[in-house]
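Contents: one structure, followed by commentary.
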Amino acid sequence: MTHLKITGMTCDSCAAHVKEALEKVPGVQSAIVSYAKGAAQLALDPGTAPDALTAAVAGLGYKAMLADAPPTDNRTGLFDKVRGWMGAADKGSGAERPLQVAVIGSGGAAMAAALKAVEQGAQVTLIERGTIGGTCVNVGCVPSKIMIRAAHIAHLRRESPFDGGMPPTPPTILRERLLAQQQARVEELRHAKYEGILDGNSAITVRHGEARFKDDRDLSVSLNEGGERVVMFDRCLVATGASPAMPPIPGLKESPYWTSTEALVSDTIPERLAVIGSSVVALELAQAFARLGSQVTILARNTLFFRDDPSIGEAVTAAFRAEGIKVLEHTQASQVAHVNGEDPQVATVGYSEAEAHHDGIETDSRTLTLDNVPRALANFDTRGFIKLVIEEGSGRLIGVQVVAPEAGELIQTAVLAIRNRMTVQELADQLFPYLTMVEGLKLAAQTFTKDVKQLSCCAG
C-alpha cells in the first residue's frame, strides 16, 4: 500500500473528487481517501510513478506528498497528463485544430466551464434558449439578496433597538419602485459578468436557441430567431440547471401559487403568504415578505434546518416567531383551496457533530452564544451562536456552525482555519481585531480552555 498526505480538502465531497482523480491515474488499482485524516491509501501496480499521483491531486487544487517522503514541487509536464486522464484536451498534443467544446446552458457552471476550456485552448460554442446568465444573476442569488436587503432596511426602521433615542418609524413600502431598482441591478450584473464577457471572448460563440443531440458528435440547435444550425463537438457539457418541483398537493395547480421565480419579480406584497417548505430559499423569502408587510406562515414538514445541528433550527425558529412569522413544524399541506438570507443568517462549514459521528470521528464541541461577543452587545443584537466542532485527541477544527446577523461574513475565516488544518488552540492564539463579529470565532475557540466571561475586553 502507498500512503499520501493530502492538504487543502475541506469536506467529504473534496475527498470523493480526489479519489476519482487518483483512480484515473494509470497504475492505480484502488484509492481510499479520508477528508478527516487528510490522507489517501492506494493499491498500485508495480512501477507506478509517485509524481503522477501528486500531480493528479494538484490538478484539483490540493497538495499531496508521499507519507514517508519530503515534499517536491517538481511536477513539470505532469499536469498535461492529468488533464488527459480527466478527459480534457492536451494543448501540447500537436492537434491540427483546437478541441471543440459545446456547452448547453449559460449559468454559473456553464460559464466557468466555457472560460476554463478556452483557457486550455479550446473553441467553445455556448447554447442558451432563454436569458443569458442562468438562475443566479437573473432569478436567484442576485435579486433575492437585493430583496432581502430592502426588507432588512424596512425591519431596521420598524424595530429600532435604541428606544426613545431613535424611535422606530413604520416604513412606506413602494414595491414597484423596489422591483425596478432590483431589476436594473440584475441587468447591470448580467451584462458585466455574463453577456459582456461572452461578447469579448473571440473563442466563444453564443447561439440563442434550443439544443438537442443529433448524434454523439453533433447538436442540432433550433434558433430563437428561426432556422436550425448544427454544432459539431469533441466534448459536450450539459449545464442546464434545475427547475422547482411542485409537491403533489390537491388544488395547488389550480391556485395562484408562486415559485421563487415569481416571488422575486412580483410587483405587489400579498396580504397573506403561506410558504410550503423550510429550505434556505423558502426561509429567506418568507422573512423578506414578512418584513415588507405580509402575514407569513411557514409550513415545515420537519423542523427548520432539520439536516443541520438542531440548535440552528431552534435559533432561527425563535427569531422568526419573535418577528411575528408563524412557524408550523411537523406540518404538511394536504390541500389548497381553489380560490435564505434569513436574519439571523445561518452559515456552516465542515462537519456537524452528527456527521462526524456517522463517519466514525470522535468529537468535542463548544457553543458560544452571541451575548458573549462584545460587538454583538454593541450592536444590540445578540441573536444566535457560534459552535465549533473539533476532532477529539488532535484538537483539529473540523466543523463550524454559525447563526448570527453576519454569519456569512464570519464563516470565511472558519473555512480558512479548517482548510489549513488548524487546531482549536491555534485558532484561539490568533490575533483578531477587537469589537468585530469575527472575534467571536476566537472567543469560541477559547471556551475549550477558558471561561470567556472572566476575560476583559482585549484579554486572551
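Cβ from N, Cα, C; glycine included.
Straight from Swiss-Prot, the features:
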- 1-65: domain 'HMA' (DOMAIN)
- Cys11, Cys14: metal cation binding site (BINDING)
- Ala110, Gly130, Thr135, Lys145, Ala211: FAD binding site (BINDING)
- Cys136-Cys141: disulfide bond (DISULFID)
- Cys457, Cys458: Hg(2+) binding site (BINDING)
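Features recorded in Swiss-Prot, as mapped to the structure shown.
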{"residue": "Cys11", "record": "metal cation binding site", "DSSP class": "coil"}
{"residue": "Ala110", "record": "FAD binding site", "DSSP class": "helix"}
{"residue": "Gly130", "record": "FAD binding site", "DSSP class": "coil"}
{"residue": "Thr135", "record": "FAD binding site", "DSSP class": "helix"}
{"residue": "Cys141", "record": "disulfide bond", "DSSP class": "helix"}
{"residue": "Ala211", "record": "FAD binding site", "DSSP class": "strand"}
Within the domain 'HMA' (1-65), residues counted as helix, strand or coil by DSSP: 20 helix, 22 strand, 23 coil
PLDDT averaged over every residue in the domain 'HMA' (1-65): 88
Neighbouring recorded positions, C-alpha within 10 angstroms of Gly130 (FAD binding site) - of Cys11, Cys14, Cys136, Cys141: none
Neighbour-count leader, CB within 10 A, recorded positions: Cys14, Cys136, Cys141, Ala211: Ala211
Maximal Cα-Cα distance (Å) across residues annotated as binding FAD, namely Ala110, Gly130, Thr135, Lys145, Ala211: 32
Spatial neighbours of Thr135 (FAD binding site) among the recorded positions Cys11, Cys14, Cys141 [C-alpha, 10 Å]: Cys141
List of residues, in chain order, with Cβ under 8 A from that of Ala110 (FAD binding site) and at least 6 apart: Val103, Ile104, Leu126, Gly134, Leu237, Ala239
Neighbouring C-beta atoms (10 Å sphere around the C-beta of Gly130 (FAD binding site)): 13
Separation of alpha carbons, Cys11 (metal cation binding site) and Cys136 (disulfide bond) (Å): 24
Of the recorded positions listed as Cys11, Cys14, Cys141, the one whose CA lies nearest the CA of Ala211 (FAD binding site): Cys141
Rounded to the nearest Å - Cα separation of Cys11 (metal cation binding site) and Lys145 (FAD binding site): 26
